Amino acid sequence: MISRWLLLIGLLALALFSQPCATEKAEPQINSTPFDHEPFFMSYFEDSDTILMLTTQRNLFRSFDGGKGWERVDDMDGKMKQHVVSVLQHPSDKDKAYALGSKGRHWITTDRAKTWNAFTIHQSPAIQHEPLVFHGWDSGKVIFQTDECIGTFCIVKSYYTTDDFKTVSPLRVSAGGCAWAVGHPQFAEGLNLEDQIRNRVLCVVSGLKVPAPYANRLVYSDDFFSNEADGAEMNLHQGRPVSGVQTTAAVKKFLVAAVKSQGTDEMALYVTLDTKVWHRADFGGHRVEQDAYTVLESTNYSMQVDVLTDQSSMTGVLFTSNSNGTYFTRNVEHTNRDRFGHVDFEKIADIQGIVLVNTVSNWKKLESDHRKKIVSEVSFDDGRTFQPLTVGDKHLHLHSVTTYANTGRVFSSPAPGVVMGVGNKGDHLKEYSECDLYVSDDAGVTWRHALDGPFKYEFGDQGAIIMAVSDKGKIGEIKYSTDHGKEWHTAKLQHEIFPKMLTTTPDSTSMKFVLVGSKESTGDGFFVYSIDFGSLHGRKCEKDDFEKWPARLNEDGEPDCLMGHKQFFNRRKANADCFMDEEFKDPQPIFEPCKCTAEDYECDYNFVRSEDGKSCLPAAPLVPPAGKCREKTDKFYGPSGWRLIPGNNCIREGGENLDKDIERTCEDTNGSPETHMSHKQVFDNSKQFSGQYFYLERQASSSGNDETVLMLTREREFWVSHDHGKKWEQPLKGVQIVAIIPHPYYSDGAFLLTGGQEAFWTVDRAYTFKSFKVPIPPTRDDMPVFSFHPQYKDWLIWTGAVDCGHGDCHSDAYITKNRGKDWDLLLRYVGKCEFESRKNRPDSENLIFCEQYANENKNNHKQLLSSDSFFADSHVHFDNEARYATMSEYIIVASHDPNNANSLIASVSVDGKTFAEAKFPPNVDVPVKTAFTVLDSSTHAVFLHLTMGVLKGAEYGSIIKSNSNGTLYTVSLNAASRDDRGFVDYEKMQGLEGVAVANVISNVDTVLKKGAAAKKVKTKITHNDGGQWMLLPPPAKDAEGKDFGCSNKDGKASDKCSLHLHGYTERWDSRDTFSSGSAIGLMMGVGNVGDHLTSKEEADTFMTRDGGITWKPIKKGRYIWEYGDSGSVIVIVPESRPTKILHYSLDEGDSWENFKFSDVDMLIHRLSTLPSDTSKNFLLWGKEQDSNQLATVNVDFSSLREASCKLVEDGQDSDDYYLWEPKHPLQEDNCLFGHIEQYHRKKLAANCWNNWREPHVHSIGKNCTCTRADYECDYNYEPQSDGSCALVPGLPKPDASIVCKEDPDKIEYPELLLGYRRIPQTTCMGGWEPPVVFKPCPGKEKEYKKKHSISGIGLFFAIVTPIAMASAAGYYVYTRWDGKFGQIRLGEDIGGREAILSRDSPLVAVPIAIIAGVVAVLKALPLLAISLWRSSSSFIRTRRDRAYSRPYASRGSFAARRGDYTSVVDDEDELLGVEDGEAEGEEEEL
């Protein structure tokens, strides 16, 4: 008995004394490593203890033991030290990582950082684009990208490797970067497309003609752009290419392309599963705007996208797509976002269907209260429904992505069901510092308090270990839990730190953690801690320590089904006293199938959800089976609209079968065409047509299909129609509106003025209007009241009247950045003020130009000022300015000549900082320059009309054209006609480069003697941007088949017989143009055939289909016209005479049909349609003959045809389209500006609609050799009657040797340069060029002679060797040739050895040519010395020209041959003059 007591006492003593040892062993092992510089990147290689860490000193470190030991990484050459700027790990290959260097040297590891191999690309990795783009199937394929950006314009150079950078090849230059079609391992999975898309690359490249983002194209190549340099365009929209592609993104099995058009903020998202078939994503009428959407973490069967809804409050709407990414359903309103696009959204890791989001509960009050009240919600059914987070009976709210204080995922990890977050109980989320740590071990169903205060946290050992560190100041300990956060233990750190980062392995299976912190809050000195819980020596979990845990529960607490199955995990019980101890082995889910329910189905293609979500409705009329639907009351069996979600594995037997065919009525199908094509509305209270109507053009990337028209009557009543005039409404009834001002850069917006300080705006296409106050009444001066910012739609400058009742009436300018909510005074005593921000002007976002009277006194002269600080300070450009105009990329200023107060000086700036005086051609003799008109300047040159004659009714001048910077001018066309207001009969053809029509006074001398009544006007056309002008060729017969009063045998124009058209100055409305930007090649006009233009009463209507080369009559008399559906329908109506009939053509004017649009005759004042001419609706404005009341008639042609034309974008014709090439009438080929363009034109017989919102160049076919048409006369030279350029009479020949003085190293100079310069747009190579004779620079005769001479021995061999070789070959052939010279042999077959010596053999033909050439060589000997150096210099020059002319390689794609190629837009004329006048349309008289 005593011995038993002794044994018991001994055991107790042993346990007592051994307890401290056991406690000591229970502590985690903690090691620290000091660093001088902050670690800012840390990442594990998956399924390993290997970590990469990058410090701010650009040193890369690695650890192979979970952070316990560190070593700096270097390559064999020792060049990695302090040169690594970023590190990226391969997303799908766990062995690979990439270190990108700062000096063109980069590194790759393929063995988890053990070894590093260098590769060289002599450029820095891209910053604004992804530097590395990975292939989803083959980890050896990577695209490396660099970028150079000026503002929003970037040049991206891409390189590619297919063998882990053992070899690197250039891919191409682009505007938005390149990506693999297979961007994710799940893309095209199971579609058997491996051979087709394995090497496919997609690139966002510049437009063929405009290097602006709205013209970007998405092209692809399957051979790395080796065979076809530009690639093929991707057909994104209904089988057609789309302009404005911004970027692409790989999202699981989806590939997404984002598109944005000019003139709208709205973006279109196009989605594909195979790169072949693309669909536009439908967000149920919700707008997706640029920089206002975020593609979130998505599933294998749907995408999650959050769309910004309120810029000021930063809230959004969460959408979830169907399985093909085309139709999106709204899940959550008012999601919380930040200004970087981050969204408070996270899917619980490895568990299907559970989502945590934060929303803003006080979103309605955010305009007055900027403090968001954020609440947290959770969904257990993939976002269909949401519920609050709860701690007991209290609501819990957690900080999420927008305020996350650690790396990696916010709430969850692969540890099944264990979720944590920092937050608080209550009605909304508090500041981070006021929150506590909470934990859930049932995937968010229930929560409990874990620790007081905010913490960083991580999960280990599949959730068996949770580690946390306080995030509230300096710490000296860590917290950890082994029971899902119920109880917490503490471990001390060796050094106190401010924690920066806590991390562990990505799969959360390890028991090792890494903590990074700084010694001080300022970041001076750093420690990296390795914390290993493996030292706790707990037992390994066994079978009884696990539970079968259901991942999701329904409202009844039962396991819930999602995608046709229930999901379970074998999970360690929270109170189990064991560790998993299975490093790098991920928890495996267990699935149990369910019977199919409605939740397992989605709407099929071409079906959309009903508003209640219970059925799928046809998105387009159904096509019934053959023989069905003879009557509307018939029925047929057709698709239900449902389909089983792809990837859903529910059990159909015993479940719902929603996708079986159902009985449908024939009312759901295509019906018979509508016969009621016209809709008339008479406005009872309107007696006069004011002419004020405006369309809100819908851009290609805009959703919806309304065609909105705004109209103002003479009685100041404002009307709106959203269906192109079929129905009208008065949204501001009773309010008198004096002006409608559409936003020039944002086609969904407009402003309405009342004449006082109340005004209205709309930004949603006139569906809603908001009132606002302008700071002062509108200006009384002749200038615009509004100026709009090109990039920021809410930035406005208002110019208003001040002190007009006190004798000092003047204008002040105010600015707003929030669409009139707040105004700030900009400048007093102003003239015109404008934003001058342009994409081609770096750092011009805040640049504003203003005219201001000196010393704020209107009696003083005007100054032109600029400021980029909203006039906190400013710069005076001109002290005595008359007016200024902004045209495309140029700012053109007219200032008073200090030597002649009645004369003007023109100055030009491209950058808005430096101005240069315009040098007018010396052959334009205008001693007193009283006025000049700025014409269209969209082709990188300024066109000016310089007034020379001001005789009333016979005003004229010279059209002069500048070089690319707008400073040096040459005469393009003399005696161009203008009117007394300064407007010019000049119009550029839309859609085609370099084509313009102008009217000239052909008998100026007679007019000066006899007066304006004697003037004769002729019409001329240019096809090379003003380089050459010619008369319009006359048609042979009139519209009735009769002869004209004159004719030409060859059909060409002559001085006695040509076609003449009434031009710009005779139009009622400046918007009525000859041509259309979408109806490529078409022009219409009213005029006559003869030796000059006659009155309008004698005019007929003519048309061209080939850009003005040939013309045909279409109707006798004057008609007004409009184009529709990109030219596939043309409507004309008689001008100024009563009618009830209009005429229309569906074949580009070959035939015409009549349509009766009214039962009574009407006098039509205007015929209008969308400015893009892409609508099938037309609107007639006028009045009934016996009434003075305004009436409108809508005519809708859409019912005439049903199908859309089918396009084949492979360079071939299709059934509906052919490729059309513009041409020059003086050239045999189709070269214009040095290249051949190809456009898709609808075949005349094709019975379909274009339905294409934007004109599209198919390709630039090829570059051409240069001809005379690629050159124009240089400064001081003028064109001659034979087309040559000659020095202006009386001017001395330019001293070409001045180049020798400017460059002392020059050896020679061009002694004779015949006055030509290349047209800026041309891309031609080689061919014709002006002859140049070079002479030696003074004192460089010896060098010149040495450069161009040939040595005696060289000359000898150059002559003798070819003759000797030719003679020997000739003798050999002569002795063996079957024919001999002069012999003819008939009927003999030639074969074997003799065939080599037959007459057709190259061996015979070539020596004979050489022998024949001997005589020529001998005759050419005297010229040999001259020709040798000339040919070599010509070769060098040609090579140089080719280098700089190479098209479409970088910035401008179409015009990369010029370094100053910039974004351009078409602008109307602006007149610069001394006298004030009345502005009309969009032109401005200065």
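Just so it is clear, glycine is given a Cβ too, placed from its N, Cα and C backbone atoms.
It should be emphasised that the depicted structure is a prediction, and the values quoted were computed from it without experimental measurement.
The N-linked glycosylation site annotation in Swiss-Prot covers Asn300 (among others), and the record cites sequence analysis as its basis. Under DSSP, Asn300 (N-linked glycosylation site) is assigned to coil, being neither helix nor strand in the three-state scheme. On its own chain, Asn300 (N-linked glycosylation site) has Gln186, Lys252, Lys253, Gly647 as residues at least 6 apart in sequence with a Cβ closer than 8 Å to its own Cβ.
In three-state terms derived from DSSP, Asn324 (N-linked glycosylation site) belongs to neither a helical nor a strand segment and is classed as coil. Residues or ranges marked as N-linked glycosylation site in Swiss-Prot: Asn324 (among others).
When secondary structure is read from DSSP and collapsed to three states, Asn965 (N-linked glycosylation site) falls in the coil class. Residues or ranges marked as N-linked glycosylation site by Swiss-Prot: Asn965 (among others).
Residues or ranges marked as N-linked glycosylation site in Swiss-Prot (evidence: sequence analysis): Asn1263 (among others). Following the DSSP three-state reduction, the secondary structure of Asn1263 (N-linked glycosylation site) is strand. Every protein chain shown contributes to the tally, and the Cβ of Asn1263 (N-linked glycosylation site) ends up with 22 other Cβ atoms within 10 Å.
Feature annotation from Swiss-Prot assigns repeat 'BNR 1' to 61-71. Counting same-chain residues at least six beyond the ends of the repeat 'BNR 1' (61-71), those with a Cβ under 8 angstroms from any Cβ of the stretch are 31, 33, 39, 49-55, 113, 510, 512, 514, 528-530, 532.
Summarising the annotation, Swiss-Prot assigns repeat 'BNR 3' to 438-448. Across the repeat 'BNR 3' (438-448), the model assigns an average pLDDT of 91.
Taken from Swiss-Prot, the feature repeat 'BNR 4' covers 480-489.
What Swiss-Prot records for 1-23 is signal peptide, and it gives sequence analysis as the kind of evidence.
Taken from Swiss-Prot, the feature topological domain 'Lumenal' covers 24-1349 (among others).
For 1371-1405, the entry in Swiss-Prot reads topological domain 'Cytoplasmic'.
Here Swiss-Prot flags 1427-1486 (among others) as topological domain 'Lumenal', drawing on sequence analysis.
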Position of peak Cβ density within 10 Å, selected from the glycosylation sites Asn324, Asn965: Asn324
Length of the line joining the Cα atoms of Asn965 (N-linked glycosylation site) and Asn324 (N-linked glycosylation site), in Å: 50
Secondary structure tally of the repeat 'BNR 3' (438-448) (DSSP, helix then strand then coil): 0 helix, 4 strand, 7 coil
Number of helical, extended and coil residues in the repeat 'BNR 1' (61-71), per DSSP: 0 helix, 4 strand, 7 coil
The repeat 'BNR 4' (480-489), counted residue by residue under DSSP: helix, strand, coil: 0 helix, 3 strand, 7 coil
Distance from Asn324 (N-linked glycosylation site) back to Asn1263 (N-linked glycosylation site), taken between C-alpha atoms, in Å: 41
